[in-house]
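Encoded as structure tokens, the structure appears first; notes follow it.
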Amino acid sequence: MKSVWRAIGTPVLASLIAIIIGGIIAAAIGYNPLQVYGSLISGAFGGAIPLGNTLAGSVPLILAGLGIAVAFRAGLFNIGAEGQYWIATVAAVWIGYHFKGMPGFLHLIFMLVVAMVVGGLWGGIIPGLLKAYRGAHEVITTMMLSYIGILFAQYCIEPGGPMLEKGYQPQSPAVAQNAWLGSIIPNSQLTWGFAIAIVAAVVVWWILFHTTFGFQLRAVGSNQFAARYAGMNVPLYTVLALGFSGVLAGLAGAVQMLSQDHRLTQSFSSGYGYTAIVVALLARNNPFGVILAGIFFSALSTGSQNMQLVSGIPQSLTDVLTGLIIFFVAAERLIPMALTWYRRRKSGRLQVSLPEGGRTDG
Amino acid sequence: MTHFLEVIDLKKHFPGVKANDGVNLTVKSGEVHAILGENGAGKSTLMNMIYGLYQPTSGQILLEGKQVEFSSPRDAIRSGIGMVHQHFMLIPALSVAENIVLGDEPGGIQYNRKEAVRRVQQISDQYKLQVDPTRRVADLSVGLQQRVEILKVLYRRAKLLILDEPTALLTPQETRELFEIVGHLKAEGIPIVFISHKLDEVREIADVVTVMRAGKTVETLPIGDATPQDLANLMVGRDVVLRVQKNPIQLGNKLLELRGIHVRDASRHERIRDLSLTVSEGEILGLAGIDGNGQSELVEAVAGLLPTTAGSIHLAGQDITRVRPFDRTELGIAYVPQDRQRDGLVLDFDLVENIILRDFHKSPYSKSGAINYRAARAYAERLIREFDVRPADADRKAGELSGGNQQKVILAREVSRDPRLLIAVQPTRGLDVGAIEGIHRQLLRLRDNGKGILLVSLELDEILSLSDRIAVIHDGRIVDIVDGDSATREQLGLLMTGVKSTAETRGERV
């Protein structure tokens, strides 16, 4: 129990501090913090439909967040999840409307697998090989490839693009309807994609902590010298880890597409691949933490509309909250430091009653 | 002589641990006072309290007769306490003078570089430290960097100097130079607290020794009255065997053969030139040499971590020159690396994971890709017990263990794999008497079981007491191989400078 608290203590504390500061900001600009947060919470969790929408919004964050967490565990920084998400979806959508007439379940699996392979190639194998054998830093390569992926997807559905559905606003044809992911809560956006995300988290956890693959991935991530010494193939695991990371980002794209729009549209992502970095960070790369952090960030986003409607405060307060959380999680050492300072101050106060004899000047 | 520092019944309790539990210490002006104790005996806790890093649970610290309460090192420094830590806190890119005056620069708003250099030079001359204030710290050897740390303390007008395991990273020559400096400081009347677990050093340098064990000061005695055996027994709390007993050698077949190998280091410099060497079953071959003469490259080449550019490596007759490190491990090469925290352990992993670090892919620790943590844990717990790793808790992260216990974990892992050849680099560096004894016993047990051991050490005493044959390396070549029983320190010292092959000796190297 103690270790659980130690693991989640800092992220929870960071979020709480951010929420408190956010409340102070709200109060300072003339809003009632309790009302602001009350409306945020009721907008995110108040009732089956808001709850369903919050959970639905968490799906791409959880899946892409798992991917980023896997890369972090291997000591790698995959910041191109957004592009992997897009490019994998392009592939899945193409499969989805080209192979009509397949049994729905098989078609679904086909799309998910293709998306994972493409995401893995885009996010992992290419940057991984470049990193492992040419020393190109993965932050640069994943980011650059990410732009290529995003822009390529946009191009596909632009006027004149290869996947444009004629006569409509920029979008592709829909994928076969029998392969769509069905909804869990009627009238909400929540589909069986959420179950896929939960299963993925369990699988990632199991792979990381219970397989030789995960063992080597983590060993390479936390000390590549010792990994090399132990006979592990460090370059190979760099490639595999980034590949695994891309697979999950690709899965995020396909699941999101099959749950919501069922086609490629220009507004297909609202920066999930980037928010997922924060999700992984807040979760401290723990797969189960990723589920909680994904839901948390999704709640901020779904709740913010209601918050604006009810309390009148601009939605962008949630961006402030997100920023504060990132700050406090990234500066996690601030919290132990503050605790030490507080303790020292307390013990300093006790010392007042003791003789002051020793404070000689050097 | 007056009492400069007095510690009376000092206690420091952490939750669950009594790190210091009744420490008494008196340091007089102008004496070198050694604190001797095993790792975990509470030496560092004591020093951290004197230096203001920790606040005592109870007890008193008196400085020149007056009670002091330090709430931070800044208070301690202001009161004239200076401490040189085992790991230096210098900025490599800055000059010596800049490092020393940092935080206390001469001049007002504008930094007065000339004045800084002048003051540092003056202190260096006064205490015969022979440090050039204008050199960049990055260019200095470890020994010189340590003197910069000492200068830093003296610049802040320390009246008491605490040296925490100062010789841990030094070569024998540098150690001798440090002792001369300690002598000069003593002559200037500065009392020195010298923390160590090395008996020889303490006997050489100290006037008085206080022995600590399990958080308590056991005894304080003038150095003249103490034999090494007494001190060792006091430290460990039982009778210790200082000189290991070796059984007669039972030489087997040739095990490791290096035939004219050349090795380049990571920056493409040729560090091993045309080196040939043989280790047989049942022998300990000691490799002696001044640090940086190719020992690490030789060892990494045998382990497969650095490629050879020419020559060949054979294990039990099989050419392994092109065999991957992973497969060399499988062929029976075990390796205790020099840098245990960098290479030997994953500090974020717990002891279970560290103990199976090389065997995670094998039954029973894993089966078709899934790790069996139950089997791994049982194995780890057995090794922890057998090798007396403390604390005996398999869930601990390796990074939470003391250096000595980290080394025990590595040794346990490597030795228990039942290797044919064990490469041990500095296996007892930084360890205390009790732990060294245990590790030496393990090495000899392996030898007696017909394994081959390549022992690389900078400690001549270790080489001399364990080796059956001693190869001396200098500048990437084997200068000579001598018989372990008849070799002398002087003979080895001379060979280490390369005297047999070339007349010139190389300068100090890092």
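Using N, Cα and C of the backbone, Cβ positions are placed for all residues, glycine too.
These features come from TrEMBL:
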- A:12-31: transmembrane segment (TRANSMEM)
- A:51-71: transmembrane segment (TRANSMEM)
- A:83-99: transmembrane segment (TRANSMEM)
- A:105-127: transmembrane segment (TRANSMEM)
- A:139-157: transmembrane segment (TRANSMEM)
- A:190-213: transmembrane segment (TRANSMEM)
- A:234-258: transmembrane segment (TRANSMEM)
- A:264-283: transmembrane segment (TRANSMEM)
- A:290-308: transmembrane segment (TRANSMEM)
- A:320-342: transmembrane segment (TRANSMEM)
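Taking pairs at least six residues apart, the transmembrane segment (A:51-71) and the transmembrane segment (A:139-157) share fewer than three Cβ pairs below 8 Å and do not count as touching. Sequence-distant residue pairs (6 or more apart) of the transmembrane segment (A:139-157) and the transmembrane segment (A:190-213) include fewer than 3 whose Cβ atoms are under 8 Å, leaving the two stretches without contact. Contact counts against the transmembrane segment (A:105-127), taken as Cβ pairs under 8 Å, peak for A:234-258 among the stretches A:12-31, A:190-213, A:234-258, A:264-283. Between the transmembrane segment (A:83-99) and the transmembrane segment (A:234-258) there are at least 3 Cβ pairs closer than 8 Å, counting only pairs 6 or more residues apart in sequence, which means the two stretches are in contact.
Long-range contacts of the transmembrane segment (A:234-258) within its own chain (CB-CB distance under 8 A, at least 6 residues past either end) are made by residues 59-60, 62-64, 66-68, 70-71, 73-74, 76, 78, 80-82, 84-89, 92-93, 96, 108, 111-112, 114-125, 127-129, 131-133, 138, 142, 175, 179-181, 191, 193, 196-197, 200, 204, 207, 213, 216-217, 220-221, 224, 227-228, 264, 268-269, 272-273, 276.
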